[in-house]
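Written below as structure tokens is the structure these notes are about.
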Amino acid sequence: MSDDYDPTNINAASWEEQEDYGEADGSEQYGEAEGSEQQDIQHSSEHQEAEYSVESNPNDLGDHPSQDGNTDDVGDDYDPASVVTSSVPAPPSAPAQEDSKTAPQPAAPVAKKPRTAGGFLVGDSDDEDEDGDDDGEPQQQQQQQQQQQPHQVVHKETGSGASSSGGSAPAPASASATAAPQSHSPAPQTATLTVQDNAGATTFNAPPVPQQVSHQSGATTAAVPTTPSSAAPAVDPTPVTQPAPDRVAIYEDQIRDDPRGAMNAWLELMKEKRARNDIDGARQVYERFLAIFPQAADIWVEYLDLELSLNNFPQAEGIFAKCLMTTPNVNLWTRYLDYIRRRNDLNDSTGQARQTVSQAYEFVIDNIGLDKDSGKIWAEYIQFIKFGPGTVGGSQWQDQQKMDQLRKAYQRAICVPISNVNTLWKEYDQFEMGLNKLTGRKYLSEKSPSYMSAKSANTALEHITRGLNRTNLPRLPPAPGFDGDQEFMEQVEIWKKWIAWEKSDPLDLKDDKDQPGLYQKRILYVYNQALMALRFWPEMWVDAAQWCFDNNITTVENKVTKDGNANGVEFLIRGIEANPESVLLAFKHADHIESTYPIEENDEAKIQRGEAVKAPYNKVLDTLYAMIKSLKEKEAAQIAKLQEMTAAQESKAGSDNEDGDGAADNIKKAPIEAIQKGYAAQTQLLSRMISFVWIALIRAMRRVQGKGGLNVPLGGMRKAFHDARARGRLTSDVYAAVAQLEWTIYKDPAGGKIFDRGAKLFPEDENFTLENIKYLHSRDDHTNARVLFETVVNRLTQKPELVHKAKPLYQYFHKYESQFGELAQVTKLEKRMAELFPEDPKLAAFTARYASDKFDPITARIIVSPTTQLRPKNMIMPSIEQQQPQLPMSQRDTPAAGFSPRPQGLKSPSAGPGAPFAPYAAKRPLDDRDYDDHPRKIARSEHDPFVRGASPLKGAAGRRLDQQRRMGGAAGAYSGSGAGSQVAPIARDITFLLSQIPRVEFYDSHRLNPSRMVSLLQNVKVPEYLDWKRERERMQQMQQMQGDGYGGYGGGGGGGGGGGYQGGGHARNISQDYAYRESPGPLGGRPLSPFTGGPGSRLASATAAYRQAPVGRPESSGSYEPPPAAQYGVPPPAQYDGGWAQQQQQQQYGQPPAPQGYRYGNPPPPY
């Protein structure tokens, strides 16, 4: 076949007829075709540059000539442009716009009086004498003209079409677009509303319009003047407000431009139709919408409500027939149940109606009873059975039948993970135990595992679907990086988690023999639910189809069978209908057809198989080509609209704007170029999509039908390549792929000719040139490879904007010369690369000589000294404050000392009167800026440095502290020293607490909100010292008064600091733990406890022996002190008002003395 195949010539049949390949290609014909194509597009070289239009760029698209004009090809009759059918003619301009452009528009300068007739401008006078004559016109004539104008408009609307005056003049060019049809064709007296769009005209008849309404509506229509233009002077006409555009027309325009993306326009249009009581129009809108969104259950429900509100039961049943089986939605199926119950009266004596409703319930539960939101339907079904004929527990056959139906319904419902499964289980328990406790326990024990599985599954399902939006109004997925992309992908991930959870079989249904196929049915149901929300996400369609193929699963009449092809293909077909532009779905469908189609050796079977495989490819190609055509139409419309607006602005400005023509032209061209660039980017993306679809089709045809040819029944690969060139919009990838197939598989020299043709079409495509050089190297044609390399890189480097394209060519050729060439050639290439790409590292090219894709011997480091080169870095454990992100600097003022919730300590003598207090005798003056914002353990080097004074500690403690500071020990963290400082160790109690807290990945309980916890601690009210002292004294006085009423305390305290009773007193002595509890007052003047003897004291004299005893508090913060034994003593009898209340009262206000030797900062504030 290599002798008679010309891949570059569409019409030629053999290579022998065209021996001059590469020398003559009919450039004259191509030039004519190219000119004709440009004529169709109506893009002039003076106003539009080629690089802004992908269609006119020969370097990026299909079979087009090179820029140098050389279009060598095989045959004289070969015309690549003649087979490219992707050119889009410019849309014809509207007649009204043509009139506005061709008709003369008189100018009306401000300084001159315009000449008008009938309220419209008809001329302009530059002569002062004429203006004087106009001023002499009587004012009555103007009033008569103004009175006659509405009358003429009414006549035009009522169909007379003739003016009362004899003369008539054409309407001025500035008239609105709606005036043209009124002036040429009379309108009927009955008003007709016509909404005109590209799809057609939709006409709605309305009642006759009164004449007054016509008069008002016709005020904006150009009236026929009754007098000549020079008759009356011009009085400035009052500006007439244009009527607001019809909302229906606006919504229709949005839907026409973007039917799948204008969801809000669809919804508003339906709402508007219903508000206007336009039933027929609403039906049409519903049908159009549901053709695009066939699983929009909410819109189906609205459509049903519309028909049922009009009692159109046949139409409602037709709607149910269309949507019920394809839309598994609980709300929609609930409406079906409501309709069945509405049409069947349960009071029927024959019982036929109840039987129909019962069958409807069974039908609904079989289809959507698996839904996690179907609990209401299950509950209604059980109630329907309960209120049926018969008595539960009776002995009649009807009673027994009712009992069996209830038991069956309960046993089915409690196995489904629904929200009310607990309620249904309780009802089932009562039902069984009410009949017979012995048999009831048996049934309950049998169904208890299923119920527990359903209960736990419902909990897990609620956790998985938290945040899921189960919408049935799908939206197009936002592009990555644009608004809504993260939210959309989050919804996709939640659906995937739900599907994966169902596949994990949490209900143990895979091996359930009582319910065969229920496991597969649940998974298919979740896939259908996901596709209702993700209709425009092709990956979900492919995932569902692939699962059916892998598991050989499908459903026939709601029963699972073992024929997965039907259901999987159905998913693919439905996905392609929803996403006709999806390349993924097309490839998957074609791949499945190719792998499952029967294989036979005869030519007829191969032809049929090839046609079946080509069908998905052709469908997606048609869609992509149509999208490019639509883009070109939108581009032309936007440019025309922009030019029209620019022209209107220039006409308003007049001749006052006399700026330079060059600057004005640049300003006008800038927005047009921006529009062209935007559409060019979209068109380029679609062109690459089309090219890769053609590559996939060519490869598939080679597998199915072989190499093929143009004039043979089995076209194969070559016929597919011919069709691709005929349709156009190809990139260089197609030529490179076909050439590689020709040479790699068949060793046919046609591959080289395809490369030659591609080199002429894409002379500046670096990727295609790179593949061409590799092809020449594979044929050992090193000379031509070098020539091609030098030619292309010289062409690219001559243009500064294309220098970057030469880099991959240099890199490949440098690598090739390094491996197989001479050192002199390698050195020359490196010098050229250094001049062209100075930003690259100097050793990058030299290193690339000896490196491979797997290892680079130059950059790899050899370990000479492990002790020196492999020394681990010092890992310093950061403090708690360093582990947390640094808080921003506070913007508030430091609170005053008197209002601070901290314990009020003594101020430093060196501190000024306005300085904040230093808790517990600070050793140095503190900075008064942002005192509360610095973390306790933050490195002071990050803030203002300070000089620490001499330590007030003397003796051994002072020497130890000074030694630690000199050695850079723990004290360095507080002194703000440099790198030698170490972080202060964490207290043992805190370390123990942190060790008990589980790791975050293993903690699945309730999590505290840190910000709210900090806010709670900030809002805790800590009393001031003076207020606390005053309150304590008041409570002491109250306790003394109560003690005086019960009698005094005697001596002789009990063991363990308890104390004894004396006289009529009933209060026992307070233990030592609370007797020495102090207030959070200043350390300098520590008050004595009021409970330690003295006049008026209520304590027994035995407690005085413990006054001078040292406080039994440990010095270490990590030690533990057991409570005194008196705390665990036996309380006094209940009938006596003993000492427990007093002990609790003292416990509320008393505090133990704070230890003086805290090692890690100040003691905490009081409780």
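Here the Cβ of each residue, glycine as well, is placed from N, Cα and C on the backbone.
Per Swiss-Prot, the feature compositional bias 'Acidic residues' maps to 16-26 (among others).
Annotation comment: Swiss-Prot describes 70-79 (among others) as compositional bias 'Acidic residues'.
Under the heading compositional bias 'Low complexity', Swiss-Prot lists 102-111 (among others).
Taken from Swiss-Prot, the feature compositional bias 'Acidic residues' covers 124-137 (among others).
According to Swiss-Prot, the feature compositional bias 'Low complexity' maps to 159-191 (among others).
Annotation comment: Swiss-Prot describes 192-218 (among others) as compositional bias 'Polar residues'.
If you look up Swiss-Prot, you'll see 219-245 (among others) marked as compositional bias 'Low complexity'.
As annotated by Swiss-Prot, compositional bias 'Polar residues' applies to 882-893 (among others).
For 908-922 (among others), the entry in Swiss-Prot reads compositional bias 'Low complexity'.
Summarising the annotation, Swiss-Prot assigns compositional bias 'Gly residues' to 969-979.
Swiss-Prot lists 1121-1134 with the feature compositional bias 'Pro residues'.
Taken from Swiss-Prot, the feature compositional bias 'Low complexity' applies to 1135-1151 (among others).
The region 'Disordered' annotation in Swiss-Prot covers 1-245 (among others).
Taken from Swiss-Prot, the feature region 'Disordered' applies to 882-980 (among others).
The region 'Disordered' annotation in Swiss-Prot covers 1075-1167 (among others).
The repeat 'HAT 1' feature in Swiss-Prot is assigned to 277-309. Long-range contacts of the repeat 'HAT 1' (277-309) within the same chain: residues 202, 204, 259-260, 266, 269-270, 315-316, 319-320, 322-323, 326-327, 329, 331-332, 335, 339, 472-474, 531-532, 535, each at least 6 residues beyond the stretch ends and with a Cβ under 8 Å from a Cβ of the stretch.
When DSSP labels each residue, the repeat 'HAT 4' (401-434) comes out as 27 helix, 0 strand, 7 coil, counted as helix, strand and coil in that order.
Listed stretches 352-387, 401-434, 471-504, 518-550 were compared with the repeat 'HAT 2' (311-342); the greatest number of C-beta pairs under 8 angstroms is found for 352-387. Model confidence over the repeat 'HAT 6' (518-550) stands at 95, taken as the mean pLDDT rounded to a whole number. Panel annotation: around the repeat 'HAT 6' (518-550), residues 260, 293, 295, 297, 327-329, 370-371, 469-472, 474-477, 491-492, 495, 498-499, 502-503, 505, 507, 509-510, 512, 560, 564-565, 567-569, 571-572, 574-575, 578-579, 582, 584-585, 588, 592 of the same chain, lying at least six beyond its termini, place a Cβ under 8 Å from a Cβ of the stretch. Through the fold, the repeat 'HAT 5' (471-504) approaches residues 260-261, 263, 293, 295-299, 327, 329, 460-461, 464-465, 522-523, 526-527, 530, 532-537, 540, 543 of its own chain, all at least 6 residues removed from its boundaries and within a Cβ separation under 8 Å. Across the repeat 'HAT 3' (352-387), the DSSP tally of helix, strand and coil residues reads 29 helix, 0 strand, 7 coil.
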